[in-house]
Structure formats: C-alpha cells, structure tokens
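Undergrad: What Swiss-Prot records for this protein is below:
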LIPID     Gly2  N-myristoyl glycine
REGION    108-220  region 'Disordered'
COMPBIAS  108-124  compositional bias 'Pro residues'
MOTIF     130-134  motif 'LYPX(n)L motif'
MOTIF     162-165  motif 'PPXY motif'
MOD_RES   Ser192  phosphoserine
REGION    345-393  region 'Interaction with host PIAS4'
REGION    430-435  region 'Interaction with host UBE2I'
REGION    434-538  region 'Disordered'
ZN_FING   502-519  zinc finger
Amino acid sequence: MGQTVTTPLSLTLGHWKDVERIAHNQSVDVKKRRWVTFCSAEWPTFNVGWPRDGTFNRDLITQVKIKVFSPGPHGHPDQVPYIVTWEALAFDPPPWVKPFVHPKPPPPLPPSAPSLPLEPPRSTPPRSSLYPALTPSLGAKPKPQVLSDSGGPLIDLLTEDPPPYRDPRPPPSDRDGNGGEATPAGEAPDPSPMASRLRGRREPPVADSTTSQAFPLRAGGNGQLQYWPFSSSDLYNWKNNNPSFSEDPGKLTALIESVLITHQPTWDDCQQLLGTLLTGEEKQRVLLEARKAVRGDDGRPTQLPNEVDAAFPLERPDWDYTTQAGRNHLVHYRQLLLAGLQNAGRSPTNLAKVKGITQGPNESPSAFLERLKEAYRRYTPYDPEDPGQETNVSMSFIWQSAPDIGRKLERLEDLKNKTLGDLVREAEKIFNKRETPEEREERIRRETEEKEERRRTEDEQKEKERDRRRHREMSKLLATVVSGQKQDRQGGERRRSQLDRDQCAYCKEKGHWAKDCPKKPRGPRGPRPQTSLLTLDD
C-alpha cells in the first residue's frame, strides 16, 4: 500500500478556509485556482529554486516576493496577495504549518539560564524587507525600536550597485553571558526596512519592525534628501478601500493627489502607484492625457516629442532628487500626472445622467445636493461650484428634489433672487418638518378609522332613506286605492239625473217626494254591506 505524500501546496489546499482567513487578515483576497497556478507554474519560472509543490522556506518566499514586487514592467502586481499570504503562513505559521516550516528558529531559553552562543549566520539568498514580515520574537529580545521622522540618514537611492543582503533571521539580543559582548549602544539601527530599493552603504542591521510606513522625501542626518518607499499595506489598502478609476474617477484622483502631495514620490514610485491602483488600459489613458498637457516655451500645449519626453518621460529618467533641478523635474512630472488623471476621468457630456439623479425618500437635501454636484462634475464639463452655473444647479435641485419639497420650493416668493444656499436652507426646513414614520402610521390609521366611520354612517342614512321612501310610496298607493273606491261610490250617486222640485227621487213621478212614494217598499231596512279596505299586507 502506498502512502499519500503531503506537500505544502496540498497542505494549504486542505486548510483552504484558514488560508482565506489569513489572507483576509492581510487585507487581500486569494482564489484557489490562481493559488495553484502561481505556486506550481509561475513561481518556479523565477529561477530562485521554488519547487512546484510549494515550500515554507522563508528565504525562497522572500526571493519570490522580490520578483513579484519588482517595479515597472518586471513586477507582478496580480501575484502580490498570494505571495503575501505565503509569507504570512511561513513567518506566523498556524498549528498545521509549524511542522513544515524550515528552517525553524531556535527556541528561546529562560532568561535566568546562560544562553549558548548562536551559530554564525549562513550566507542566504537575497531578501527584501520592503514589506513587513511577521517573525516569532525571541523571549529575551526587546521590542525593536520604531524609527521616528528624525531617524538616521538614509542612503542614496540613485546608484545602481545593490547593497549586501542581510540575514533573514533576527540576530540575538545579546551574546553568551560568559564573555560574549552585547551590541554596542552607540551603533545606529538600520534606518529603513526597505532593503531592496535602497542603494549604497548600509548600517548594521537590527530586527525588522512588524509595521512599515511610507514617508515623503525628507532630509537625513547629513542634510541630504532621502525617502522611504511605499509599503505593501499602504498600496493594497488604497486599492481595496477605494472604488476603481472607471467607477469613480474623482475619488481615486483625490486619493492619488493627496499621495503625490504628502509622499512626494519619485518617478519609480509613481509608476508603482499607477500600476497598483489602475488597470493597464486606465494607466495608458492617464499617461496619454498627461503628455497632452505638456506645454512648450510659449505656454501652449506642445506636441514636440523632445519637449514631451523631457517633461513627462515614459522611460526612467536620470533625475536626481537631491538636486534642485531634479526636484523641479519631479514636481512638474507630478503636476502633469495629476492633470492626466483629471482629464482621463472626465466622461462625455450626458445630461440625462444628471437628470436621473433624484432625491431619495429619506435623503437629506444637503446629501442630495452633493450627489447632484458630483453628477455635474462626472457627466458634464461644467463646474457646479462656478457662480455662472449656480442657476442651472438650482433649477436641477428644485425639479429633482422630492415631490413635497419641490412643490413648496416652486411656490417660494421671489424665487429668481434666491441663491442655492437659500434653497438648501428652505429644503432643510421642509425636510425637518416631515412627519416621522410613527406619526405617518398613526395618521394613516386615524384616517382609515374616520373613513370607515363615515362610510358606516352614510350606509345607515341611506338605509333609513330607503325605508322612508318605501313607506311613503306604500302610503300613496293605499291612499290612491281608498280614494278610488270612494270616488266610485260617490260618482255613482252623482250620475243620477237632477230631480224637479216636486219629483219623487224613487219613482221619478211628480206630485210627491220619495218618502211618500207609494211604490217604495215599507218595512225594516236590511243591513248595509260593509266596504272592504286594502291593507299593507294585501
């Protein structure tokens, strides 16, 4: 029976949830398919000895990291999250990685026992400390000092000879207690953890700090201007916490502008910044717009290749920032780069997009105005802060506000003389007087009850009216029937012929009256027939 071989790559795939969690702690995201591709196909081609099955060897991880973070076209920005996660697994290993980490630092000894001298550091492959590395601290080693802005002088960046690489393992804090020497107190610590991008001489190394910061150009101890390059955490926090240039060019342009002002980056730093925050197509568009902004000696835009290349070169120039001329070139380059960002971020005029910005149901007028102004900046060539555009912005603010606010703003007296600030204040008053959701629910409930009560009352009144009308009609019908019978009876009597003065009403003969009529029968009178009446039941 064969036995399954566990490799670093298969180990990470088997604990992929932990790998994703560690990557998230590094503010990056990793995908399993690309993780396998980079480990087994990409990094072995860097010629640093990376095995296809992966490794937790810190020296090899450091060498791959140098290749990945190389500035310019030789770097691999898309692989940064993956090598940073590999580095975190090796330098701060979880329990399932610790048995595979090699070489493993020596365990710390109790402070009371004399420590054995450590073996001299081996010659190791180059290691860049451009970015922070998480290393287990020794028990007796004090916390490394974080350099302040007034730290020791940095070394010249523009020379081409690389410095000797330091040993990746942290040196011991002191020598053997039986005669070993402690580190001299007067020795200055290494002024920068960014070893791969500094050139020239180096001070004696100390343990790396677990944090790194990017500083602007500053004067060192000898008065020479030096700088600290960007850190990976800064670059990728900027990338992950801001929208893309295509999605919101204004916000990303403002971020890059603040970085250009505070950090005063060199030409190489600008390329690294653009390569991290922009896509390839966005970067080419920005560079093209920046070169269009180059002006000639007459102050007008020029298209002369020599003047454009001198002001905004596409290849690394030989500008020495320690000289006034070099600093002037860098300042002009940053100004052109900012102009390129602003011009490339402008979208074609689209007033329909501006008209599509309407106030939300619970959005304050101030927030709505900011969105409206941002739409003007993004979709039109007009500046909403320009006094000449205040009328257009005011009309858009009125027409595109919430219906209740817009109606009241349109009825304001002397509307044409109102400024945009006046309209916003009036809109805020209307917005603040709106009923709360609880008040609205109570009003709707009360109106519903009142409506039901009115409908019930109206139904009762209609029913009573129908009953009265029915009784009235039946009464009329009954009265008509009774009146008809009476008229028939009375009418029959009235149809008798008129008698003379001496004529008998019974026999119609003259000479006597009916009471004396001999032809009239004598005797008791019979019962009179009763008249039938029509009742409501009939």
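Even glycines carry a Cβ here, placed using N, Cα and C.
Buried or exposed, and what's around them? Tell me for each listed feature.
TA: Per-residue pLDDT, averaged across the motif 'LYPX(n)L motif' (130-134), gives 40.
With a threshold of 8 Å between CB atoms, the same-chain residues lying at least 6 positions outside the region 'Interaction with host UBE2I' (430-435) that come near it are 364-365, 404-405, 408-409, 443.
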Undergrad: Going by DSSP, how much of the zinc finger (502-519) is helix, how much is strand and how much is coil, in residues?
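TA: When I sort the residues of the zinc finger (502-519) into the three classes, I find 3 helix, 2 strand, 13 coil.
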